[in-house]
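To start, the structure under review is shown below, and the notes come after it.
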Amino acid sequence: MNFEVLYQDNNARCGVFNFNQEIIETPVFMPVGTYGAVKSISTEEIKNTGSRIILSNAFHLYFRPGLEIIKLHGNLHNFMNWSGPILTDSGGFQVFSLSRFCKINEEGVIFQNHIDGKKTFLTPKISMKIQSDLGSNIVMIFDQCIEYNQNWEKTKNAMERSLYWAKKSRIYFDSYKNKNSLFGIIHGGIYPSLRDISLQELIKIDFDGYALGGLAVGEPKIEMYKLLDHICPQIPKNKPRYLMGVGKPEDLIEGVRRGVDMFDCVIPTRNARNGHLFVTNGVIKIRNKKYKKDLSCLDNTCACYTCRYYSRSYLHHLDACNEILGARLNTIHNLHYYQTLMSNIRNSIKNNTFEQFSLNFYKQKNKIDF
């Protein structure tokens, strides 16, 4: 993977990834396909929304269907029929959030897995092997995630352990001699001084990109934005910056404003399944009775399949009947909205009009939210 910044408007950046001749423009939003599938839609439909890179979770795929099944197909790309790049999360967050039992030592984590309750040992070495077997284009290091608002000492200990695991991840990743990329993850909770130490030590190890972890876990938005203001300027300018798990539309705007290049989040797909649909002027809650006889499309500025062929009335009906087609059409629309937003952001950076674009975005937003 090669990465290059081509345009800059203040701190907002527009660049390109080159994955073996496949070009991905940044800033980029990655739909989440935890189990090798973006919920309710096919890979062809994912592409038609404008999505070019997706995220899957190595932790979940390790347990279901298991590496043996995926390797029968060659790799995760073949298994799910996706020709584009895939980023895999190592599973650090899931180990700490899903396990009923979790014991940490310097080598890794012993936990009770959520599938069959068996005790499992996961280490940086095992995580790198899993992601190598999956054929991930971007591999994330194995890290320790902690809850928001932990005290300084607990946060420092977790950050230092993540750094130790980062070094181990680098060693084991390099041993596979593949051409994929490895990203480090900056930790340190809400403490800027710990974030500084984490980043500087990760830079010494030298990763292909740097992710900001441990955010969107309950902290006020203003704290997240302050941390981005603090840490993004310190990340090497020639390396991509990835804000993990953050993805409300306004978060994309504010992340890009501060120099972030990559995002992922379940919000567009999860909200779609709950009937919350993003449009130019805000959010439509399609199960509201007022849409029962509404013959208009969701958004007359949207060119997605859903808006071209279906009315709000029909989408309201599908939601009321809990029809699977409703989740599919809603997901197509929300992902198309997100990818159109990212495309417009990129164009505004190229034209040095990002600030005006963001002002217009906020002026239009929240005119409807019902």
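A Cβ is built for glycine as well, from the same backbone N, Cα and C atoms used for every other residue.
In three-state terms derived from DSSP, Asp89 (active site, proton acceptor) belongs to an extended strand segment. Residues or ranges marked as active site, proton acceptor in Swiss-Prot: Asp89.
As annotated by Swiss-Prot, substrate binding site applies to Asp89, Ser90, Gly91, Gly92, Phe93, Asp143, Gly214. If you draw a 10 Å sphere around the CB of Gly91 (substrate binding site), it holds 26 other CB atoms from the protein chains shown.
Positions annotated as region 'RNA binding' by Swiss-Prot, on the basis of sequence analysis: 245-251 (among others). With a cut-off of 8 Å between Cβ atoms, the residues of this chain six or more beyond the region 'RNA binding' (245-251) that come close are 29, 93, 215-216, 221, 224, 263-268, 278, 338, 341, 361-362, 365.
Listed in sequence order, Phe29, Met30, Pro31, Val32, Leu55, Leu87, Met244, Gly245, Gly247 are the same-chain residues at least 6 apart in sequence whose CB falls under 8 Å from the CB of Asp264 (active site, nucleophile). For Asp264, the entry in Swiss-Prot reads active site, nucleophile, with the evidence type sequence analysis.
Per DSSP, the region 'RNA binding' (269-273) is made up of 5 helix, 0 strand, 0 coil. Per Swiss-Prot, region 'RNA binding' is recorded for 269-273 (among others).
Among the features that Swiss-Prot reports, Zn(2+) binding site is placed at Cys302, Cys304, Cys307, His333, with the record citing sequence analysis. Residue density at Cys307 (Zn(2+) binding site): 23 other Cβ atoms are found within 10 A of its Cβ, drawing on all protein chains shown.
Looking at Phe93 (substrate binding site) and His333 (Zn(2+) binding site), their Cα atoms lie 29 Å from each other. A Cβ within 8 Å of the Cβ centre of Asp89, Ser90, Gly91, Gly92, Phe93, Asp143, Gly214, the residues given for substrate, is found for these other residues of the same chain: Phe59, Gln94, Val95, Met140, Phe142, Cys145, Ile185, Gly213. Its Cβ taken as reference, Gly92 (substrate binding site) is surrounded by 26 other Cβ atoms within 10 Å in the chains shown. Excluding the listed site residues Cys302, Cys304, Cys307, His333, the same chain places Cys297, Leu298, Asp299, Ala303, Tyr305, Thr306, Arg308, Ile332, His336, Tyr337 with Cβ atoms within 8 Å of the centre of the Zn(2+) site Cβ atoms.
Between the alpha carbons (Cα) of Ser90 (substrate binding site) and Cys304 (Zn(2+) binding site) lies a span of roughly 33 Å.
When the binding-site residues Cys302, Cys304 are compared by the number of other C-beta atoms lying within 10 angstroms of their own C-beta, Cys302 comes out lowest.
The substrate-binding residues named in the record, Asp89, Ser90, Gly91, Gly92, Phe93, Asp143, Gly214, extend over a maximum Cα to Cα distance of 14 Å.
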